[in-house]
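All remarks here apply to the structure that follows.
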Amino acid sequence: MRAWIFFLLCLAGRALAAPQQEALPDETEVVEETVAEVTEVSVGANPVQVEVGEFDDGAEETEEEVVAENPCQNHHCKHGKVCELDENNTPMCVCQDPTSCPAPIGEFEKVCSNDNKTFDSSCHFFATKCTLEGTKKGHKLHLDYIGPCKYIPPCLDSELTEFPLRMRDWLKNVLVTLYERDEDNNLLTEKQKLRVKKIHENEKRLEAGDHPVELLARDFEKNYNMYIFPVHWQFGQLDQHPIDGYLSHTELAPLRAPLIPMEHCTTRFFETCDLDNDKYIALDEWAGCFGIKQKDIDKDLVI
């Protein structure tokens, strides 16, 4: 649903706006890197749960049991590949020619890779990455963020401490907005609605707005309980492939890629969350990054 990615960017731009942005260091790729057709992001019943499959270029090709007139019709290929028939009329996935990608409509379709190269679209990026399969360069190449490459300044220590303040407030506001729009849209589950209802009806809730970090810090201290569920909820939205209590680089992509051009501390923040440097962020690490106390971290809140 294209409306969701627009909704995400608008909210992020208003609630997470930071002075400058940060350049991303090269990262060792643990899993096949993320990939997204930004304008074609799929969503499930809950629009905040961006389907990570749209960002994952490492999924295996699968073939449906139903036999169609065109064998390629039900043969799925991962991003960067297209289906072709071999001499036996058997479907197979081959690298897509980048020149066959649709012409980009505008700047918003461009993406930046981690080697600081701008591609006309995610289609062009993945098609190029496919041609490098099996090489060291191809293994390390990944989609860094949405939009053309730009200078992203370093994230200062003082700025890093401000990031979770804005992020927490943003997560709370996203949930409240979804709750207000959820009459017949199934944007939230019934269990989620019960949790968010308490936040929505709390008269002490800080309304959405461009607040100074001092106010955000005071609000978190005074209304701490209001932020516990939003932090757990976002973890659950990202922990999808597989649902194992850990966030991989791929699973972080739906949240991370749109934010990097606007929030220059995004990458450094998520790196600091990985306390044991195993390239995965566990629930304890995630919640701790947002200031949630150990006694309040509860896997049963990931609903």
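Backbone N, Cα and C atoms are what each Cβ position is placed from, and that goes for glycine too.
Each of CYS101, CYS112, CYS123 is a candidate, yet Swiss-Prot gives the disulfide link of CYS149 to CYS112.
Which of CYS72, CYS77, CYS123, CYS130 pairs with CYS101 is settled by Swiss-Prot: its disulfide partner is CYS123. Looking at CYS72, CYS95, the record from Swiss-Prot puts CYS83 in a disulfide bond with CYS72. The disulfide partner of CYS77, as annotated in Swiss-Prot and taken from the candidates CYS93, CYS95, is CYS93. Fewest other C-beta atoms within 10 Å: among the disulfide-bonded residues CYS72, CYS112, CYS265, that description fits CYS72. For CYS93 (disulfide bond), the Cβ neighbour count at a 10 Å cut-off comes to 19, with all displayed protein chains included. When the alpha carbons of CYS101 (disulfide bond) and GLU285 (Ca(2+) binding site) are compared, the span between them is 39 angstrom. If you draw a 10 Å sphere around the CB of ASN116 (N-linked glycosylation site), it holds 13 other CB atoms from the protein chains shown. Nearest by CA distance to GLU285 (Ca(2+) binding site), out of the disulfide-bonded residues CYS77, CYS93, CYS112, CYS155, CYS273, is CYS273.
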